[in-house]
Amino acid sequence: MAKRGAFSSFHSFLIVLLFLNSVLAVTHGHQDKQVYIVYMGSLPSRADYTPMSHHMNILQEVARESSIEGRLVRSYKRSFNGFVARLTESERERVADMEGVVSVFPNKKLKLQTSASWDFMGLKEGKGTKRNPSVESDTIIGVFDGGIWPESESFSDKGFGPPPKKWKGICAGGKNFTCNNKLIGARHYSPGDARDSTGHGTHTASIAAGNAVANTSFFGIGNGTVRGAVPASRIAVYRVCAGECRDDAILSAFDDAISDGVDIITISIGDINVYPFEKDPIAIGAFHAMSKGILTVNAAGNTGPDTASITSLAPWLLTVAASTANREFVSKVVLGDGKTLVGKSVNGFDLKGKKFPLVYGKSAALSLSQAKCAEDCTPECLDASLVKGKILVCNRFLPYVAYTKRAVAAIFEDGSDWAQINGLPVSGLQKDDFESVLSYFKSEKSPEAAVLKSESIFYQTAPKILSFSSRGPNIIVADILKPDITAPGLEILAANSLRASPFYDTAYVKYSVESGTSMSCPHAAGVAAYVKTFHPQWSPSMIKSAIMTTAWSMNASQSGYASTEFAYGAGHVDPIAATNPGLVYEITKTDYFAFLCGMNYNKTTVKLISGEAVTCSEKISPRNLNYPSMSAKLSGSNISFIVTFNRTVTNVGTPNSTYKSKVVLNHGSKLNVKVSPSVLSMKSMNEKQSFTVTVSASELHSELPSSANLIWSDGTHNVRSPIVVYTGDFSQPSSS
């Protein structure tokens, strides 16, 4: 999710946040009609079944009207069964009780949640990186987002042959929208076209699969080659967001993309609220994608660092948190006395080091009674005549204030760990440095300063989890660890739409900088596609396992739950290692059915979701789903406990290999962990062997999870799985 209207609650970040807004309503008689999604599971296998006719018959039956014109909004008929309709509350209740209907839920509205990052992860340009060009060219990434700018050089088809034969999609991008042999498909689900008006969709698509484009920068900042993980792959774009991202549009995109023939789906969209799987459009669509061999990669969200803020919770999703790479952008402030301070900003304005007078917001108040609010640069409290031509100093910063008050630049206190783009030169300083500016301002008769153009700095402490990245634990399935993985989401330079100005004016740029889990999500999706180019027959769960078990381990950068596995899952994605994991944890569709039964879904609901006769005679507790990580929530603290995890691994490394287990306790952990058997001898490829992990302790810390890592090693491969045991009651943070 990026920030700037998509998993983004921040000024210039786009992340696709799923906001629950009011649903569409049409007045009819004494009851309002609202738009509802009627989900009916998989399509029946009968040759004579016509989905739309069935959907119309249902509407006629419940509406009890001679005409139902305008009632049916859309039908899902390609990859799963369902429809969207305008219903009264009583009609909704009747539909929900009908045979064959899994769930009926309101059509919510969403908003969107953004290269050095690939070099940082070892996926470098040129001959040093192993590639499988022919398979990569046959790989199709489906991008569910706000559209795309098709003319971007990142999506040029120079050197590309025709689309893969498996492609069954179309180019329905609208008027003056042209696809090519790189951008092979486009659809949109609202009036208009598939063009991107915010820059978010263009940005995410180029991160995952954009061409290598040399000499790109944001006004000279971050100059280099921008590229995706799999630049030879194809892109199909599904514009599900046009202002908001509606549930019905997302389900339509899944319905189309599955039938179109995509290999990976990246969706930097999410909700700020948690819903059960049968009412979550991303979970529903991704389940059907998984059953057809397609992995869905989803942004974790940008509502951190609160615990239990993550909403991408289904185990068949690869849920991606956001972390730093080894590059960030800074904007220095040089005070009149020569002192230099380093702040955060993506500042493309070059004032050539010229110093301008400083004015503190409080000193520019319209009146004495407004001095307090002027400290925060509240617009209605500032006298524009006292601000014009000066550098405005604010306790906090509202991006448009300094611009509208005609300041030449701005300095403000900013404790965040990410930089924003603004419409004039700014620098956000940490508290101590900001206090230095105030002290200098008060001590000088004519205080002045210069705000310098941003520059890149590189450092060795990456990766670190970012504060805005949504955290676990999982409040739907407490024994499934979320997020799964983390990837770069800080200040990512990628392609931009020429309909979208980073300054919210007419200054359009071809490449821009964004931050958020919207940016980390396509990084992970690109890695998934990269892995698939070497293992085209691997299932979604095998690809997911390879990414998770080869991840770089992460260390705590903060205290509390916000800096544990609930922040970063298995660790930071490692593209090269993920192509050769040694062992994988595979989860079949049947396993997921047993998992849903173990969650007390009744067999009728599971059957309707799966389209198969499911008796629920087999149930898997979430703790024993063959997941690459292991997590258990216990009741109470300071108790003795024993928990077990049953797992099965498949050999994808080499035949005649012996894996020995090793357990590494994390700092402060008092867990006792036993693995049985402790040695796995694999004679052949694709051989499966099972083991049990038993975890015990005499007490648990009530404020922190206890964790360890299980590592299976044959001397070449190190297959690592986090083990997390925790207590405490968690609820989703308030969205207010």
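Glycine is no exception: its Cβ is also placed from the backbone N, Cα and C atoms.
Pulled from Swiss-Prot:
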- 1-25: signal peptide (SIGNAL)
- 35-112: domain 'Inhibitor I9' (DOMAIN)
- 117-579: domain 'Peptidase S8' (DOMAIN)
- Asp145: active site, charge relay system (ACT_SITE)
- Asn176: N-linked glycosylation site (CARBOHYD)
- His200: active site, charge relay system (ACT_SITE)
- Asn215: N-linked glycosylation site (CARBOHYD)
- Asn223: N-linked glycosylation site (CARBOHYD)
- 355-437: domain 'PA' (DOMAIN)
- Ser518: active site, charge relay system (ACT_SITE)
- Asn555: N-linked glycosylation site (CARBOHYD)
- Asn602: N-linked glycosylation site (CARBOHYD)
- Asn638: N-linked glycosylation site (CARBOHYD)
- Asn646: N-linked glycosylation site (CARBOHYD)
- Asn656: N-linked glycosylation site (CARBOHYD)
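In three-state terms derived from DSSP, Asn223 (N-linked glycosylation site) belongs to an extended strand segment.
Within the same chain, residues at least 6 positions away in sequence whose Cβ sits under 8 Å from that of Asn656 (N-linked glycosylation site) are Met682, Lys683. The average pLDDT for the domain 'Peptidase S8' (117-579) in the predicted structure is 92. Just so you know, the Cβ of Asn176 (N-linked glycosylation site) picks up 8 other Cβ atoms within 10 Å once every protein chain is counted. Its Cβ placed at the centre, Asn215 (N-linked glycosylation site) has 8 other Cβ atoms within 10 Å.
In the domain 'Inhibitor I9' (35-112), the DSSP tally of helix, strand and coil residues is 21 helix, 20 strand, 37 coil. Each residue contributes its Cα atom, and for Asn602 (N-linked glycosylation site) and Asn646 (N-linked glycosylation site) these two points are 24 Å apart.
Across the domain 'PA' (355-437), DSSP classifies residues as 32 helix, 21 strand, 30 coil.
The two recorded residues Asp145 (active site, charge relay system) and Asn176 (N-linked glycosylation site) have their Cα atoms spaced 20 Å from each other. Taking the Cβ of Asn223 (N-linked glycosylation site) as centre and 10 Å as the limit, one finds 13 other Cβ atoms among all the protein chains shown.
Within 10 Å of Asn223 (N-linked glycosylation site), counting C-alpha to C-alpha distances, fall the following of the recorded positions Asn176, His200, Asn215, Asn646: Asn215. Asn646 (N-linked glycosylation site) falls within a strand segment according to DSSP.
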